[in-house]
């Protein structure tokens, strides 16, 4: 499908501004490798201007235009944004599909979730009003204390390319609900919908500078944003390597960060399951979003007593996946995001083969697709736990398989990773599922499913998958400072020192 790609500038202080260095970055359609447009290439100079705009918006009129307003006031803007995104849903869905390569049906769900997220955090903003001046019980009657929840300030939001607008929304919505102002730096590999979102902000009358959007390369725009002394907090989603750099930059200024990083999530399948039902969930857990999910359950652990039958059914189901242009009806696997990502995934597969692993299906480009960054969904067996393919995040449609003989062995294999974002367990024995859930070392556990994610529930990892929680009531807390206010309500002197 061909469609015109809007040509935008940087969105700063409520205006469209050309990058100071006037550079642009080409947009490549991952489905056919053609250049379909370009985005502005922001630099540290543009970040400087954007952060200054966010700081002015935070402080303007002593915060009475945004930061110090009621949550209910800010909620009206968030609901207006949700309505506008829904109104322009078809436009956003098409742009997300062509830019990221994800199947059209998935992009529809993503944009629905964007609107849902703004609606949800509008409710959280309103609920925050009732929590203001929450009393604190003290042991001395002479004193009275309460708590204020106040925006943390100017926040830098650095977001990935696998869910371009949705992952940005996970950060924008709670930050704005809390009363923060923000500078968003989306991934240069998929920025179109984030730039278009700037137009939505103008259409709903969001005060200038409350949200600023600077596209560009990570070293040129993302790194200066993370290190900027006038940014009060950084929230980052991306690779563990880049997350470490963000954390190091923030550490120089003792600046709080929230990091949602990589994963190598396990999926444990016990012997008492409905095989076809769990096969489908296994595929969904690894091949959804073309395999490019930080929480992908890409390490399959299946009980040895059903392994042969399960893997046979899994391979047959996987070979039946429709791989095509993401706009084609029924597409269930599109291209990966870029040539660099394509080459990286293929190198993982070739290394696995050289280390002695067996490719049960996939592992190459689909024969019917000569252009585009398409990779067949790949299942790999005969794996040792020391192999690269088992230990490192691939971020593509690649599933590794091992067997286990006992619950203890399954848990040992599942937890033997430096990551801890998510896990899944399948069994008809719900007591076993509950027991295993408590012992899995991850920020999220799915029981008899994989990948469902709701704005109402907390999201985040442990270990090298990061820290902090997004979404739910925990999401807005990320962007708040808690201040205690304690008053002496007695008319009596304190009496600690003798009067002269």
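Every residue gets a Cβ built from N, Cα and C, even glycine.
Quick look at what Swiss-Prot lists:
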- 260: active site, proton acceptor (ACT_SITE)
- 294: active site, nucleophile (ACT_SITE)
- 162: site 'Transition state stabilizer' (SITE)
- 1-7: transit peptide (TRANSIT)
For the transit peptide (1-7), residues assigned helix / strand / coil by DSSP: 0 helix, 0 strand, 7 coil
Nearest-integer angstrom distance between the alpha carbons (Cα) of residue 260 (active site, proton acceptor) and residue 294 (active site, nucleophile): 9
Coarse DSSP state, helix versus strand versus coil, of residue 162 (site 'Transition state stabilizer'): coil
Rounded Cα-Cα span from residue 294 (active site, nucleophile) to residue 162 (site 'Transition state stabilizer'), Å: 9
Local backbone state of residue 260 (active site, proton acceptor), from DSSP in three classes: strand
Cβ neighbour count within 10 Å of the residue listed as 'active site, proton acceptor': 28
Local backbone state of residue 294 (active site, nucleophile), from DSSP in three classes: coil
